[in-house]
Each structure stands twice: as structure tokens, then as C-alpha cells.
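Features reported for this protein in Swiss-Prot:
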{"type": "DOMAIN", "residues": "53-83", "note": "domain '4Fe-4S ferredoxin-type 1'"}
{"type": "BINDING", "residues": "Cys63, Cys66, Cys69, Cys112", "note": "[4Fe-4S] cluster 1 binding site"}
{"type": "BINDING", "residues": "Cys73, Cys102, Cys105, Cys108", "note": "[4Fe-4S] cluster 2 binding site"}
{"type": "DOMAIN", "residues": "93-122", "note": "domain '4Fe-4S ferredoxin-type 2'"}
Amino acid sequence: MTSIVRTLRSLTLWELVSGMALTFRYMLKPKVTINYPFEKGYLSPRFRGEHALRRYANGEERCIACKLCEAICPAQAITIEAEPRTDGSRRTTRYDIDMTKCIYCGFCEEACPVDAIVEGPNFEFAAETREELLYNKAKLLANGDRWEPELALRLRKDAAYR
């Protein structure tokens, strides 16, 4: 009995008919395609994109050179050098992130006691050379200045879960 059914299905091209029915069913539904450069998709509030160093409202950088982010980075993408200041506190003289090594795990952001290093909302940072993906302190501070309103809002919303 099953061989007869199998033969009838192969003669009537049942697979082709069922495939075409599925195609026509989806053809009549609304489109879900996003026209990317002109339309942007939804980003999660916890999206981890390009890194940034934040500043306090008075313009002073937040990083206290504790080097916790450097120690916790599983990819060893962060390099920090620090010097003591005249008031006894420490500040970074060099803060580099090799974005070619970074795995965007967010451990650096979690380890930072003063929310100095954060991962911002930008995911469009393609480069033509490897050197463009070696971020220094100036580049990271510029990123932080550019996205500070978005970063502060995101951190306030996420504060209950930290």
C-alpha cells in the first residue's frame, strides 16, 4: 500500500506542488525585509558595540587606572599604562584596545568600578587597514563624547540589573 502511495506522489510531483504552495503562502504575507542602509533594525538596550571611554560632567576622564578591565579581558585586547598625579590619584597615560582581538564579551564594562569603559551603540565601524582598528585613548574618549547621552541613558536603565 505504501509503495502505491509513494508511486502516485512521485508521478503527480507532490513535492513540487507542496513547495509551491508554501512559497505562495509566504508571498502573500507582509514583507519583513529591512532596506539596511536606509532603515535600521531594532538594537537591544544591552547591545555591545564599539568601545568608548566616558568622562565626568566636569570633563575629567572617569578611568582611575585600576587595570581591572585589562586583567579580566579574555582576549588580552586592552593595554593600560598609568602614572600617579600630584594629588595622589592615578590616571592613564596610555589606554589602547586592539579591536581585532576583542570578542565583545562585555567583561571590561562589568569589571569597571566607575563605568569608565563602555560598549556603545555603534556597529558600523568597518576599516580598510588593521591600524584603524587599534584604538588609542584619544579615539576612545572621542567615542565617549559622541555617545554620552545614549550611554548615560542606557546605564541608568540597566542599573537595577547590575
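Note: Cβ is positioned from N, Cα and C throughout, glycine not excepted.
On the structure: features taken from Swiss-Prot.
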residue : record                          : DSSP class
Cys63   : [4Fe-4S] cluster 1 binding site : coil
Cys69   : [4Fe-4S] cluster 1 binding site : helix
Cys102  : [4Fe-4S] cluster 2 binding site : coil
Cys108  : [4Fe-4S] cluster 2 binding site : helix
Distant-in-sequence Cβ neighbours of Cys102 ([4Fe-4S] cluster 2 binding site), under 8 Å, six or more positions away: His51, Ala75, Ala77
Would you kindly give the Cα-Cα distance separating Cys66 ([4Fe-4S] cluster 1 binding site) and Cys108 ([4Fe-4S] cluster 2 binding site), rounded to the nearest Å? 12
Cβ proximity for Cys73 ([4Fe-4S] cluster 2 binding site), under 8 A, sequence spacing 6+, ordered by residue number, returns Phe107, Cys108
Run through the Cβ atoms and count how many others sit within 10 Å of the one on Cys66 ([4Fe-4S] cluster 1 binding site). 17
Do any residues, 6 or more residues outside the domain '4Fe-4S ferredoxin-type 2' (93-122), come within under 8 Å Cβ-to-Cβ of it, and if so which ones? 43, 47-54, 61-64, 66, 68-69, 71-83, 130, 133-137, 140, 143-144, 147, 150-151, 154-155, 162
Could you list the residues of the same chain, at least six apart in sequence, whose Cβ is under 8 A from the Cβ of Cys105 ([4Fe-4S] cluster 2 binding site)? Arg48, Pro74, Ala75
Let me check the 10 A CB neighbour count of Cys108 ([4Fe-4S] cluster 2 binding site). How many other CB atoms are there? 24
Select one residue from Cys63, Cys112: among these binding-site residues, choose the one with the most other Cβ atoms within 10 Å of its Cβ. Cys63
For the [4Fe-4S] cluster 1 site given as Cys63, Cys66, Cys69, Cys112, which other residues of the same chain have their Cβ within 8 Å of the site's Cβ centre? Ile64, Ala65, Lys67, Leu68, Glu70, Ile80, Cys108, Ala111, Pro113, Val114, Ala116, Ile117
